[in-house]
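This report refers to the structure that appears directly beneath it.
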Amino acid sequence: MTNALDVPLDPKVLEGLPQPPTITHQSPKDYIIDPRENIVIHCEAKGKPHPSFSWTRNGSHFDVEKDPKVFTKPNSGTLVIDISEEKAEAYEGVYQCTVRNEHGTAVSNNIVIRQSKSPLWSKERNEPVTVQVGVSLILHCRPPMGLPPPIIFWMDNSDTEGRIILNYNSNFYFRELFELLKFCVSFTPTHTAAPFWISAPRNLILAPKETGMLICHVGGNPKPTITWSVNGVPIENSPNDPSRKVEDNKIILSDVQAGSSAVYQCNASNEFGYLLANAFVNVLAEPPRVLTPPNNVYQVISNRQAMLDCASFGSPIPKITWFKDGQTAILDGDSYVLHENGSLQINPAQPLNSGKYTCVATNTLGNKENHVFLEVKEPTRILKQPEYKVVQRGSRAVFECKVKHDPSLIPTLTWLKDNGELPDDERFVVDSDSLTIIDVAEEDEGTYTCIMNTTLDKDSASARLTVVATPTPPIRPDPPRDLELTDQREQSVQLTWIPGDEHNSPTQLFLVQYEDSLHQPGVWHNMTEAPGTSTTAQLDLSPYVYYSFRVLALNDVGMSEPSTPSRQYRTNPSQPDDNPSDVEVAGTEPNNLVISWKELTGLQSNGPGLQYKVSWRQKETEEDWTSVIVANVSQYVVTGAPTFIPYEVTVQAFNDYGHGPKPGVVFGYSGEDRPMVAPENVKVLVQSSTMAEVHWEPIPPSAVRGRMLGYKVSYWKEKSLQKEDSRPKEKKELTFSGNETEGRLLDLHPYSQYSVNVRAFNGKGDGPANDDLKFETPEGVPGAPAFLRIIDLNLDSLTVEWGPPEDEYGRLTGYTLKYQPINSTDELKEMTLLANETSISLENLKYSTRYMFYLNAMTIKGSGPVVTTAITIVDEGEARLFTETGTAMASRQVDIATQGWFIGLMCAIALLILVLLIVCFIKRNKGGKYPVKEKEEAHQDPEIQPMKEDDGTFGEYSDTEDHKPLKGSRTPSNGTVKKDDSDDSLVDYGEGGDGQFNEDGSFIGQYSGKKEKDTQEGNESSEAPSPVNAMNSFV
């Protein structure tokens, strides 16, 4: 059935909207008038168009215009009857108002007008009544009749309150007869009632084709009779309407048509009275209207509820849809709630909910929208609250109150003292975020509250001001006193106390302690804490405890002494509330099961005779539980248990007063034993000369006898297949977790024999290993030769000697020897030598040349790592200048002297030197002789050598000069260099005959600033240096 619009409607809606008449005010049905005043019979109504009024009196039309003493108020049906010159009895009767317009007719109640009559007492003499003390008495009261009926009061000048009763017939009874009279009155059988409303019919506004219902629900005894009228005419006498159906107290309207508006009357009556109600049915076809004012701005504090209104009217009833910021429709859910009246609830509102909201009302005749705005504001919060102050009399007190609020809201700060206004005293100075009290007096002591108000919310905070007379230093508080136990219950009690002196430092908290003189006499335990402003604490108690309580106070200085203990409070025993905790189940031997737990404390026992019921059975079986009773222990050992079997275990506490709660089941295993068998089908797959894989089959679960942790693989080298190995056998072990069935053996020695075995292990230990399985690794590349050295060094020959590798890792097939001059473009020479050779002589080497040698051993698997050495050959082989050895990778080394970039760099340096020499030659020709000393002082460069004096020319650069000694080379034992065609020697520029050399054999000694020569040599002119020597100095 369609929901009809509720009425009365908003005046804005009624304006311009057709509406049947509705009576808004009428006089009561029984209207008793005062004969001294004019008679006013009310009948007010509304409707569109405005209705007309008419009256009936005693069932006949009452023509108001024909009676000059009667008139109606303007735009109203209210009658005013002037009885100043007429008796009121003339206008007594039954009046009824009828209200009409083109959409229907409404009628008022039958208003019975009667004149008020005062009661008159009959003339009688009341004689005094004498009764004996304690005898019941009835005083009769026979009041006169009156209109309205009189109200009876009894008055007495004595105190009889609670001992007298006024009964239903106005008689006066004393209490001694009350029970008897009550019994007699209870036999009265009648309980009648005039009709009364349970639910009066309501006005309906329906759209064409819609359906509605009028219900007239009344009560009464006897059951009222309900009759219906339409526009004041009994419904059975009104024109037939097929859309209307009457069912006792209901009228069902279906498929209503435009123009069928009417006013229906429901009359419910029985012999004790009647009820009359009007309800109109207004058939309207109206497009939607939004009644909420447009552009309303709703402001709400963040995290509070926001309610946006969208009151609407239309016929049919409009459907309301909400949009935010002109986007998609808001659905009912999450933080949005759409109410039936069209309102949108946002709970809680957040800043992101701020914005423009549009509600759209829609029905079949159109739609109407309205815009409202929501502003979600930040809450007002006091960031820095006023703090407790203890100040001396005559000093200054400052309370801070710093507030954060939404900047768009105007705040108002108010200060209160003891919840009242601040004293009107100039000593109180209020700033924007503080209150200052100047020259504090004793009467200023109290609680000060700052309140920050905005138009939407507020926040407040308080602090107390204590004024002290003298600057007495604070000390610890005195202990509380006068402890009392109140509100005593089985499991709780309330403790109260009186605080001791705070000594100028406020109490921060009270600590309540208890002693259990039954289980732990003399030991005090912390029980609870209470705020420093409190003097009571509600204490939760345990059964079977002999409690004593004491209280300590704490301030900024420290803790007070304990108070005197309270009287002892004993709680009754009961069954345990808890079972033992930390129950663990594990076996320590193959045939036992150890059950352990944490015992209950005396406080937890709840009664005498604390014991434990320990129960166990094998898991997932139908066996009965096996149980034992133990006391004063925290462990029980079950013997004779099968090895590593899962068990279910419970431990329950009980005492003389009953058992504890049902215990939880804990699972565990009996003791483990070592695995019974070794892994089978152990195989070794050799993958390379240094790695092998071991495979095995897992042992059956029945043989594990515990928690399977994994397998251990042990292996060791038995011997080398090449030669005897005297080194001790090092046994290695690898562990593989879980049920793995394979593993890798790494870092094996090539060409060796190994042994391996596998065994399973569990929490108890290792099981047996399989028989040792031997395997061999194939040959690998050999190690580096044991040593490499140069012997028998001559001018153009030498001998290379080496030792076989310590680790041959196979059968040696030979050696590879490579050598090459360093910093030379000569090709690297390579020689393959037999495996049994350990030396070789090399001929036709270049003197004054540094060589690098490379040597490595070989097997059928390839070449091993290279060992290197370097040596420089000098004239006549008289001196071994430098030797270095080292091990290189097996791959061929790249000589920098053979690289193209290095050759190009050396050519560029040679060209640069040639250019410098040409410049020197030109300068020599221009300046005559060029002594070495002058050249050194001019150039400060020891690398530039003097020119030859005899011909003034540079020596030519040619390969024939290779026999000259290298720059920086050591001189013979006589300290001179063999003279060729240059008397100027590099030795003359050194600091002596002992030159220093770096790792590549080059000279690293520093030249001195001058050349020291004897007197005869000083008279000779310098000779030009050899270009070859100059080149050698750079090379």
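A Cβ is built for glycine as well, from the same backbone N, Cα and C atoms used for every other residue.
Here TrEMBL flags 561-578 (among others) as compositional bias 'Polar residues'. When the compositional bias 'Polar residues' (561-578) is classified with DSSP, helix, strand and coil residues number 0 helix, 2 strand, 16 coil.
The compositional bias 'Basic and acidic residues' annotation in TrEMBL covers 931-951.
What TrEMBL lists as compositional bias 'Polar residues' is 1018-1035 (among others).
Here TrEMBL flags 21-108 (among others) as domain 'Ig-like'. When the domain 'Ig-like' (21-108) is classified with DSSP, helix, strand and coil residues number 7 helix, 47 strand, 34 coil.
Marked as domain 'Ig-like' by TrEMBL: 189-282 (among others).
For 288-375 (among others), the entry in TrEMBL reads domain 'Ig-like'. For the domain 'Ig-like' (288-375), the predicted model reports an average pLDDT of 89.
The domain 'Ig-like' annotation in TrEMBL covers 379-466 (among others).
Here TrEMBL flags 479-574 (among others) as domain 'Fibronectin type-III'.
The feature domain 'Fibronectin type-III' is assigned by TrEMBL to 579-673 (among others).
Taken from TrEMBL, the feature domain 'Fibronectin type-III' covers 678-780 (among others).
The domain 'Fibronectin type-III' annotation in TrEMBL covers 784-877 (among others).
Feature annotation from TrEMBL assigns region 'Disordered' to 1-27 (among others).
As annotated by TrEMBL, region 'Disordered' applies to 560-586 (among others). Tertiary neighbourhood of the region 'Disordered' (560-586): same-chain residues 476-481, 483-485, 488, 490-491, 493, 495, 497, 500, 513, 515, 517, 524, 541-554, 593-600, 604-608, 610, 612, 634, 647, 649, 651-661, 663-664, 666-669, 671, selected by CB-CB distance under 8 Å and a gap of 6+ residues from either end.
Residues or ranges marked as region 'Disordered' by TrEMBL: 931-1035 (among others).
For 901-922, the entry in TrEMBL reads transmembrane segment.
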Go through 21-108, 189-282, 784-877 and flag the stretch with the largest number of C-beta pairs under 8 Å relative to the domain 'Ig-like' (288-375).
-> 189-282
Taking helix as H, G and I and strand as E and B in DSSP, count the residues of the domain 'Ig-like' (379-466) in helix, strand and coil.
-> 3 helix, 47 strand, 38 coil
